[in-house]
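Pulled from Swiss-Prot:
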type: BINDING; residues: 13, 14, 15, 16, 17, 18, 125, 180, 370; note: FAD binding site
type: BINDING; residues: 273-287; note: NAD(+) binding site
């Protein structure tokens, strides 16, 4: 039977991608249905209890700048906040927060249940309704059918999921949850390329059985960082430390002696695992010269005794896991409360997607999260938001939107996936972006909030705060430009005390702030340039914009030059055999990838600069040289 009301957008799956997709579509005014196999696990942190990190924190800030949920949720649930790379430049500084799993899940569920235009329904989905190469709905486990103009698949590791502990394995979406086998079979019937990937998680330890007195503590930062541009530190719950231990030669011997019982090394697991979050057995074998690996003991929450040992993800048998854990300092008497495991699951080639994350083959069907070959909550959330907003736009008969590589890490993520694809779980790093100085955590709102407002994602409260911040930045920069001090002025001695070389000529506040030894806080502590802005976010922007002005201007010039060709569109139906002068290899790759633009084509392995020049000349001759806005 059909449900009585049709929807504009259906989201299948309630993880980090699904919740952002549902919130985005509903915020844009579309009637949205979120289908999940269990309402109690909405926003569940299936692996590590943390949000953010290098590259990942940038994505969270971008999701927040577009009105998303993740940053707000972690501000309410974070039990330790730190800025990574704090001593380095602003481009690579990144926020990371340890999370209380229960508080995080509660924050997500509360937001979803109070979002207008959003209905949540508990039922596993087993089928899609596809008519004339367009998706028009979904069918649940009990045969209930829902109609919609667009469907977003955010199913995580559930598609034909298989859990491995030692040489034993069983079907599962994650520990304690069933897999989605009928939906996996249905998707394999569609004209989509599918492969298998693998990820894993470490055993969880009972904190009461760890001797923390012999371990180094790691505390959060003070003052505490905040994730959301709308947040403040007063929202954070109680803060707690993490602890550090290490593997040792005894640990490594245990692992080496039991490799024949590892499903990965015994050839039982076919899927490829994450390069940048390898299992402990993988680390020991790949880095054989290392006699120890650092392990972070992270609390799972304020009301839980479980500890997450970050760094020993494993699928070795339980008895071996016990030996590994007890070989480390402070863990000699530790007890495991949940065994570690590996999980294999289906993923679909993201090169079959448009930059909007809509399928090239099934109209109205969108993919986001681990189903696209990524790993990580943050990567999933960013894709979920993009897929959700584009599903909403499609259901309203509007053109899709995707950020450029020069505009956001989300743009880098989507372009990498849709252009290059991936053979292993993809995670974000700042090194993946060409224009890191422009794509900082601190300016995510300046880059994206205006677009978020145009798209209908940003509410009035966030918009007012954003404009207030812009005004504060502009007003303060004008004040510093127009406030001067001369070498003979009474205030010169106070200024010179902060400078490595004294004033030799008249200088404005901005001139002084450009000096590497002068900070905004120091400058505005001087009588001549007081007071400082109360708006800390605006003050940070003033300092960065002034100090890095020349570098930023140079990078902006590079972006503008690159964009002239980057945005040149390539016809979706073009058969590249028509373009004379291209090699057979280039023709095959272009016909296989079907890039949407010259920029995408240029990033395909094997497509040379000479081939790009030939394409541009051919497009001009054919009168097909068009650029996207």
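Just so it is clear, glycine is given a Cβ too, placed from its N, Cα and C backbone atoms.
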Of all the binding-site residues given, 277, 285, which residue's CB has the most CB neighbours within 10 A?
277
List, in sequence order, the same-chain residues at least six positions removed whose CB sits under 8 Å from that of residue 279 (NAD(+) binding site)?
200, 264, 273, 313, 314, 315, 342
Nearest to residue 275 (NAD(+) binding site) in three-dimensional space, by Cα, is which of the binding-site residues 13, 17, 125?
17
In the structure shown, with every protein chain counted, which of the binding-site residues 17, 125 has the densest set of Cβ atoms within 10 angstroms of its Cβ?
17
Other C-beta atoms that fall within 10 angstroms of the C-beta of residue 13 (FAD binding site):
32
List nothing but the largest Cα to Cα distance in Å, as a whole number, among the residues 13, 14, 15, 16, 17, 18, 125, 180, 370 that the record says bind FAD.
18
Going along the chain, which residues six or more apart from residue 15 (FAD binding site) have their CB under 8 A from its CB?
43, 44, 46, 154, 156, 369, 380
What's the CA-CA gap between residue 13 (FAD binding site) and residue 283 (NAD(+) binding site) in angstrom, rounded?
32
Indicate whether residue 125 (FAD binding site) is helix, strand or coil by DSSP.
strand
Cβ atoms near residue 275 (NAD(+) binding site) (within 10 Å, other residues, all chains):
13
Take the C-alpha atoms of residue 285 (NAD(+) binding site) and residue 17 (FAD binding site) and report the distance between them in angstrom, rounded.
33
Rounded Cα separation (Å) that holds between residue 281 (NAD(+) binding site) and residue 370 (FAD binding site):
23
